[in-house]
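Here is the structure we will look at.
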Amino acid sequence: MADITHLPMEQLQDLEYCLDSNPPWAEAILLAFQNYILMLGTSVMVPSLLVPAMGGSDGDKARVIQTLLFVAGINTLLQALFGTRLPAVVGGSFAYVIPIAYIINDSSLQRISDRHERFIHTMRAIQGALIVASSIQIILGYSQVWGLFSRFFSPLSMAPVVGLVGLGLFQHGFPLLGNCVEIGIPMLLLVIGFSQYLKHVRPFRDIPIFERFPVLICVPIVWIYAVILTASGAYQHKSSQTQHSCRTDRANLISTAPWFMFPYPLQWGPPTFSAGHSFAMMSAVIVSMVESTGAYKAASRLAIATPPPAYVLSRGIGWQGIGVLLGGLFGTGTGSTVSVENVGLLGLTRVGSRRVVQISAGFMIFFSTLGKFGAVFASIPIPIFAALYCVLFGLVASVGISFLQFTNLNSMRNLVIIGLTLFLGISVHQLFDQYWNPSRHGLVHTNAGWFNAFLNTIFLSPATVGLIVAVFLDNTLEVERSKKDRGMPWWVKFRTFRGDNRNEEFYTLPFNLNRFFPPT
């Protein structure tokens with residue numbers, strides 16, 4: 001038998017910068033700006049979907065986008081300093097769309113005839129629901145309950161879950177790209193070409209600029225191409241959907257954004273509280289915890305760090321709950337979660353530096369206060385982002401699959417768990433997605449609207465369905481006989497902070513705060 005040359009490895013070896021190593025300042029600033037540009041996609045898509053349904057104007061949409069970016073910058077900085085300390089961008093989340101749609105369609109709000117007044121009252125109701133629901137995440141995080149639950153995770157169960165974190169976002173990839181293929185396809189080909197085929201070309205000194213800055217290179221090229229198509233009248237007689245997806249002058253963000261705006265708490269007025277709204281929103285908080293946990297596992301691998309111990313994972317979830325609370329106080333219109341596309345960018349650029357993400361948080365805060373300048377970047381057509389998502393979401397999914405190297409893939413038990421988890425994660429989502437739209441209650445349709453929103457949100461998340469299936473099967477099927485097969489000997493030392501001396505290097509709090517918050 002030939003020698004085995006590709007042994008299982010806890011940490012990736014072919015990345016340039018790990019969690020604690022930093023690129024030169026000029027390179028770090030450009031990489032940080034690239035992270036900022038990338039996270040604009042979700043930050044624009046979520047408010048663009050929800051604000052008009054709330055009754056808001058284009059000006060309201062621009063203001064919500066700026067507020068979301070401002071809070072995302074604060075949350076990213078808090079997470080990088082005091083949370084998991086991984087290079088993870090914390091931004092807006094699609095997981096909150098269903099409970100927010102339930103709030104928007106509340107009969108008491110729909111009876112308000114004035115659109116702006118309805119927008120204000122709906123925003124206040126969403127704020128109240130976010131504030132109450134954030135308590136679940138804060139309690140599960142800081143009480144270490146989520147960390148205790150994570151002790152049931154193994155490489156076998158996490159592989160399909162992290163895989164579904166990436167694959168479960170497939171609707172935001174090629175389906176959105178297909179809305180404007182003349183922009184999306186060139187963008188996809190350019191990103192693959194520059195980042196993969198030209199990655200060893202170094203025209204300037206020793207910096208692999210095509211591999212390091214694919215977003216900064218490709219986005220302007222395709223954006224200018226889209227501007228030319230728009231100016232030449234290529235979309236004058238096209239459908240409204242095509243014009244909305246392809247044109248560079250349809251978002252109305254630049255004209256409606258203020259020159260300067262500093263978001264502040266309760267800017268929309270005092271939040272209003274409803275038990276039904278809050279219960280519905282708790283489902284999105286649970287989904288965001290699951291998806292963020294998978295994203296943290298992927299980020300640690302792409303930052304050449306050890307898997308985050310249970311204590312660190314709980315700490316990160318707790319701070320993420322603080323982030324949802326801040327979103328409720330400031331009025332972002334949605335909750336927060338780890339940006340999966342920015343995790344994928346760590347692998348694409350081979351840079352997992354914490355400093356880069358901290359600088360990118362500064363860009364989010366800075367450009368959110370300078371409305372016109374931020375709106376210029378936020379007006380990039382969505383198919384450009386969708387092309388990037390095709391690459392980056394797929395990369396995160398492949399990182400999840402890489403955890404299978406620690407397991408026995410010759411075990412039928414393992415193959416059943418992996419296959420069933422992946423299939424049900426995608427298949428259950430597909431069933432629930434067929435029945436859901438903002439004007440209806442979805443597949444679960446009882447007289448209790450909050451209950452409908454709760455279950456529909458849970459089962460529309462592939463990663464959450466995957467976690468339920470994988471963790472249950474992995475911890476009930478032949479557990480004692482399968483410890484080695486499921487990869488537990490590889491991960492057992494990462495259950496506790498002191499289980500591996502590398503944990504201290506990666507996850508110790510700054511400013512000597514571990515004296516006051518000793519890890520367990």
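Heads up, the Cβ atoms here are built off N, Cα and C, so glycines get one too.
If you check TrEMBL, you get these features:
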TRANSMEM  29-52  transmembrane segment
TRANSMEM  64-82  transmembrane segment
TRANSMEM  88-104  transmembrane segment
TRANSMEM  125-146  transmembrane segment
TRANSMEM  152-170  transmembrane segment
TRANSMEM  177-198  transmembrane segment
TRANSMEM  213-235  transmembrane segment
TRANSMEM  356-378  transmembrane segment
TRANSMEM  384-403  transmembrane segment
TRANSMEM  415-432  transmembrane segment
TRANSMEM  452-473  transmembrane segment
(request) Might you confirm whether the transmembrane segment (384-403) is in contact with the transmembrane segment (213-235), defined here as three or more C-beta pairs under 8 A between residues 6 or more apart in sequence? (result) yes
(request) Answer yes if the transmembrane segment (152-170) and the transmembrane segment (415-432) have at least three CB pairs under 8 Å among residue pairs 6 or more apart in sequence, and no otherwise. (result) yes
(message) Contact between the transmembrane segment (177-198) and the transmembrane segment (88-104) is defined here as three or more C-beta pairs under 8 Å separated by at least 6 residues; is that satisfied?
(response) no
(request) Using a Cβ cut-off of under 8 Å, list the residues of the same chain at least 6 residues beyond the transmembrane segment (384-403) that approach it. (result) 38, 40-41, 45, 155-156, 158-167, 169-170, 172-177, 179, 183-185, 187-188, 191-192, 195, 215, 219, 222-223, 226, 294-295, 297-298, 301-302, 340-341, 343-345, 347-348, 487
